[in-house]
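Remarks on the structure that follows.
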Amino acid sequence: MAGCGLCFSLLLAAAFARQAQALWPWPQYIQTSDSHYAIFPYNFQFQYHVSSAAQPGCSVLDEAFQRYRDLLFGSSSWQPPEPTRKQHTPEKNSLVILVVLPGCDQLPSLESVENYTLVINDDHCFLLSETVWGALRGLETFSQLIWRSPEGTFFINKTEIEDFPRFSHRGLLLDTSRHYLPLTSILDTLDVMAYNKFNVFHWHLVDDSSFPYESFTFPELTRKGSYNPVTHVYTAQDVKEVIEYARLRGIRVLAEFDTPGHTLSWGPGFPGLLTPCYSGSRPSGTFGPVNPILNTTYEFMSTFFLEVSSVFPDFYLHLGGDEVDFTCWRSNPDIQAFMKTKGFGNDFKQLESFYIQTLLNIVSAYGKGYVVWQEVFDNKVKVPPDTIIQVWREEVPVNYLKELELITRAGLRALLSAPWYLNHITYGPDWRDLYVVEPLEFEGGAQQKALVIGGEACMWGEYVDSTNLVPRLWPRAAAVAERLWSNKSVTNLDLAFKRLTRFRCELLRRGVQAQPLNIGYCEQEFEQTA
Ligand SMILES: *[C@@H]1O[C@H](CO)[C@@H](O)[C@H](O)[C@H]1NC(C)=O
Ligand SMILES: *[C@@H]1O[C@H](CO)[C@@H](O)[C@H](O)[C@H]1NC(C)=O
Ligand SMILES: *[C@@H]1O[C@H](CO)[C@@H](O)[C@H](O)[C@H]1NC(C)=O
Ligand SMILES: *[C@@H]1O[C@H](CO)[C@@H](O)[C@H](O)[C@H]1NC(C)=O
């Protein structure tokens, strides 16, 4: 299909002239037509091709088949159609899946290939992919292609799709420290992420407010740092469940343990870890960031991150490094003395660098890669060349596009989040502001742009808990999902609005309480109340 750019655009225009589909995010190449095939749930099946590397017993796909069967047809049993109706339209009774490489038991990674080809025509109803992760993306697309006539028959149109993501890191951040999110909220979010082809769950586990991660080497951290050590914690079992649930949906879990700032909740469980702040010549009784001048701090970090490195199997950990407040460090006479012996003068950024560099050495010794917030780069910490920098500040010290330019010019990889803070809300269709962002709109050559590996939508938890998480996330996060998956040229807001409106209705049909985009109604809602 490559080399058919023009005929493709014409077909695309034609498809939209008829009716905007619910496909979200929009695929790279698609051809559809009015020809369609009936699908009867009573005999329809997902089937492994004989030469597929994945075969029955492949957990990732076996479970996906079950999920999509339930999503599409409900779990109730279906009767064969009346013979008269069956004769009219050609029928498809299976989707045949061919996966080239084995890998059902593996974890998705930053390098995972997610390409797939989906062909539904007179001869085929076929999904081809190199990996099981690509097959998952293709199954989602397949599920979005199926429609139902007013009489209740399922159909799928003649379609050819060749699809792959524009960016390989497409993440969503949830903050489980400001408010605890029950396990079910996290698992439900992973489901909707998969509908949107998101592939990274950035789990901002702990912060100043609470420490819900249950550490087995330092149980006091959770006991004294969580909102409630019985009800508001993530046990080892919970964490395992999240990782496996995500894996089955082709989603990586990127765990963040943010230091040296944002750590107040760590203090009670490990006395001596945080810096005592001074008022004049006496400790004021309050505490600041992690104390960077004590050997015990680094011994603690070595032990703690050894645990974290084994609990979270993804190659990458997120080490935070944002918003370190120097006021407390500055007030502390021991820290002042340490600064003098190190020759840091009055430059607390150097002290911060000293801490971060030591931490990075600890974590890389465990064979992990890392992501850090942009301050680590801004404050000129010497980082290994494979560090990933996450850009979150919109205008300071520079505009976020300029920041991407600087990071990639330094040869480092970058993730964009600055324009995608979903916790910021405004009246009206604010999904548009998220949608119109173009991550590569900065000065630099192709090599530099290739260093932007993707981005993340962030849902910080100050004003969000399980009561309002879902409607605040969806469908707004979907705007970010399409920007990170679809071709750069997919920018038409009117078409996006039509498709997103339908996608939102499909989310409602799937049981997701996604908020409305504008005045109107969903047919599904109408059906339910009728
Ligand atoms: C699918 O086919 C139906 C019936 O022929 C047609 O109304 C609809 O516009 C088609 N959809 C697409 C996306 O081609
Ligand atoms: C996936 O698609 C991209 C974009 O067309 C292409 O560069 C890459 O080679 C494809 N990978 C595989 C394994 O097909
Ligand atoms: C901290 O560790 C360094 C390096 O191992 C050592 O030189 C120093 O004496 C230690 N300081 C204390 C107070 O133990
Ligand atoms: C994808 O975007 C590029 C650059 O904007 C454009 O040249 C290409 O034609 C687009 N491909 C499709 C299939 O629209």
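Heads up, the Cβ atoms here are built off N, Cα and C, so glycines get one too.
Just so it is clear, the model here is predicted, and its values are computed rather than measured.
Going by TrEMBL, these are the annotated features:
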SIGNAL    1-22  signal peptide
DOMAIN    23-145  domain 'Beta-hexosaminidase eukaryotic type N-terminal'
DISULFID  Cys58-Cys104  disulfide bond
DOMAIN    167-487  domain 'Glycoside hydrolase family 20 catalytic'
DISULFID  Cys277-Cys328  disulfide bond
ACT_SITE  Glu323  active site, proton donor
DISULFID  Cys505-Cys522  disulfide bond
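Looking just at the domain 'Beta-hexosaminidase eukaryotic type N-terminal' (23-145), the mean pLDDT is 93. Each residue of the domain 'Beta-hexosaminidase eukaryotic type N-terminal' (23-145) gets a DSSP state, and the totals for helix, strand and coil are 33 helix, 32 strand, 58 coil. Taken residue by residue with DSSP, Glu323 (active site, proton donor) is part of neither helix nor strand, so it is coil.
The shortest Cα-Cα distance between the residue listed as 'active site, proton donor' and any of the disulfide-bonded residues Cys58, Cys104, Cys522 is the one to Cys104. Reduced to three states, the DSSP call for Cys277 (disulfide bond) is strand. Within the set of disulfide-bonded residues Cys277, Cys505, Cys522, the entry lying nearest in space to Cys104 (disulfide bond) is Cys505 (CA atoms). Sequence-distant neighbours of Cys328 (disulfide bond) (same chain, 6+ residues apart, CB-CB distance under 8 A): Thr275, Cys277, Thr286, Phe287, Gly288, Pro289. Sorted by the number of other CB atoms within 10 A, the disulfide-bonded residues Cys58, Cys104, Cys277 start with Cys104, the lowest. The secondary structure of Cys522 (disulfide bond), as reduced to three states from DSSP, is coil rather than helix or strand.
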